[in-house]
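**Student:** Take this structure first; my questions come after.
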Amino acid sequence: MAPNLRIKKACDAMKLLGISETKTRAFLRKLLKTYENNWDFIEEDAYKVLLDAIFDEADAQSTEKNKKEEEKKKKEEEKKSRSVATSRGRRKAPEPLVQDEEDDMDEDEFPLKRRLRSRRGRASSSSSSSSSYNNEDLKTQPEEEDEDDGVTELPPLKRYVRRNGERGLAMTVYNNASPSSSSRLSMEPEEVPPMVLLPAHPMETKVSEASALVILNDEPNIDHKPVISDTGNCSAPMLEMGKSNIHVQEWDWETKDILNDTTAMDVSPSSAIGESSEHKVAAASVELASSTSGEAKICLSFAPATGETTNLHLPSMEDLRRAMEEKCLKSYKIVHPEFSVLGFMKDMCSCYIDLAKNSTSQLLETETVCDMSKAGDESGAVGISMPLVVVPECEISGDGWKAISNMKDITAGEENVEIPWVNEINEKVPSRFRYMPHSFVFQDAPVIFSLSSFSDEQSCSTSCIEDCLASEMSCNCAIGVDNGFAYTLDGLLKEEFLEARISEARDQRKQVLRFCEECPLERAKKVEILEPCKGHLKRGAIKECWFKCGCTKRCGNRVVQRGMHNKLQVFFTPNGKGWGLRTLEKLPKGAFICEYIGEILTIPELYQRSFEDKPTLPVILDAHWGSEERLEGDKALCLDGMFYGNISRFLNHRCLDANLIEIPVQVETPDQHYYHLAFFTTRDIEAMEELAWDYGIDFNDNDSLMKPFDCLCGSRFCRNKKRSTKTMQILNKA
């Protein structure tokens, strides 16, 4: 595919996720430079590498922005606290309580007048019958004084709520203080008629605006009068005095401009008036999604604890939806353009109803009733009463949801059985790789599968019909063990054949090492003086039937070709070894587990990756090295399962007494330079036991392709004698 078409395709894919073409092209240039114009890594898994790069930078910018905002906010709070302290220092000291009526009224009148001056330009007066005045009326209207006691009666406060910087609806607060009640500085709470939040006039209410009542107190409230804050960008409906209750609107994600059913609550002065200089967010419950019939609903309850409400605010549902979709995209790689968190929750409600209707185990006779007033008491909102919310009982706990989210098929449906993965230790997930059920050539490896490569003497094209193992006479595919095959009728390795392979791998007295005149591993280092060959272990191999044979796929001599069939699981080990592979069922001795899958590389290609500091998981196919006088570089092959592979990449190392052994298997070609590397059990294995094999690593060889590491296998035959103190501590705990 031409580069321009690939760039256009990548930009189109990012546009579906709301990422601009300019940003996409900028990150593509960086990635192409990093991967040396290799598009394969960029395009795999629906541009995961590109998405990770974009969102990682976005997270970094967001973190820096939040840090700057916090510093700015901190400076503003310090400035505000200094100004408040200065103003309080200039205030006149309070007079004794025993004074004449005029002095008492002056003391009571002072904070009310100052409160009006502090909001000049935003507040206007209003009559006791709720009729509003304009600014001219406010300027020309004289103050009326009571001739009997000389007390000034203040009109009710009226403020305009700003919506996105524009003046909006008025909030009126009545001053019901009578001369007799205000002539003394009484410390008893005064009864105030309830307040009501009326629906707004036909105006569009944006979801992104705040939908909670935030109570702010600028100074200590000594007269126990209700103080209503002017929240600037608050989108609350008009606040008036009346005899009905407050109605708090609930916002729906889809119907942005339609108000849902209201939740009623009574507000008393003790609960409505802020007693400190902190912002306090009232407890809230928001309906996120529901089924079509409304029988099942998903609600979000927000009730911050006392002392933890500083700088908290209720986010809008639109912001929550976007944040959740971004999290699903980053954490779970959900890139489908039609995916929606809202749709997912609605489907969950529908599924719950379907299961409830189809369930025959028991009827829904019990329901959990949540008293929202208790939640209000716990959050510090004393005196707030809400209707009871009925929620159906749910048996899934938090740990249950974690287990469900971690149980996934890591094979992506490529194998005969599902292989789940789970992490019960921390929040890590398996590293990214492309799952493949078969090995493929990367570039230069001369691996060719052709029918002509097999002669009639090398296959059973004429002698066998269905199952070679069921035949009384051994065919050309036999290898000379017992009746000619390595497998039993049960699909296990024969005892004699398996023990021979174990002995040649572990018993130095029975090992046969072959030495190359010029070892491909040394030649690939590109040094002037080659090191002598360190030797390659000769291994016995299995020969399976193939397409040219007359038998069927069910032939007993096609065990590796039929693939995995055991119940396995990838898990995070608790002993510091990272990810591992374990069995979920008991396995007999000689059972096939899996084969090592990866990219088929030449040794020079593998060393090139090492020179470029690219991570690798190599396995050298050297079972027949040394049998030729000179092995050409392109015929010396290996497998690398780092970027493309299967579950064998999770198998950990164990020195000498591992419960798995690797055996070469010839299938598609008689050429001994390439073969399958299959893993079989060396003994009976219990369920939940970790599977491991001996990497054959020399811990004293620093020039090896597989770099030495601190071995944590725990075997008493461990070859890593020079362990660090940290390694010994881990082994002792295990």
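Cβ atoms here come from the backbone N, Cα and C positions, even for glycine.
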**Student:** Name the residue, out of CYS464, CYS638, CYS655, CYS711, that Swiss-Prot lists for the same Zn(2+) 3 site as CYS545, CYS551, CYS555, please.
**Tutor:** CYS464
**Student:** Out of CYS351, CYS477, CYS713, CYS718, which does Swiss-Prot tie to the same Zn(2+) 2 site as CYS545, CYS549?
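**Tutor:** Candidate in the recorded Zn(2+) 2 site: CYS477.
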**Student:** Per Swiss-Prot, which of TYR487, TYR607, TYR695 sits in the S-adenosyl-L-methionine site along with LYS577, GLY578, TRP579, ASN652, HIS653?
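**Tutor:** According to Swiss-Prot, the candidate sharing the S-adenosyl-L-methionine site with LYS577, GLY578, TRP579, ASN652, HIS653 is TYR695.
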**Student:** Compute all pairwise C-alpha distances among LYS577, GLY578, TRP579, ASN652, HIS653, TYR695, the residues listed as binding S-adenosyl-L-methionine, and give the largest one in whole angstrom.
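**Tutor:** Value for the max Cα separation, rounded to a whole number: 16 Å.
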**Student:** Among the binding-site residues listed here, CYS464, CYS468, which has the most company in the form of other Cβ atoms within 10 Å of its Cβ?
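**Tutor:** Selected residue: CYS468.
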**Student:** Cβ distance under 8 Å to HIS653 (S-adenosyl-L-methionine binding site), same chain, sequence separation 6 or more: which residues?
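**Tutor:** Same-chain residues close to HIS653 (S-adenosyl-L-methionine binding site) (Cβ under 8 Å, separated by 6 or more) are ALA692, TRP693, ASP694, TYR695, ILE697, CYS711, CYS713.
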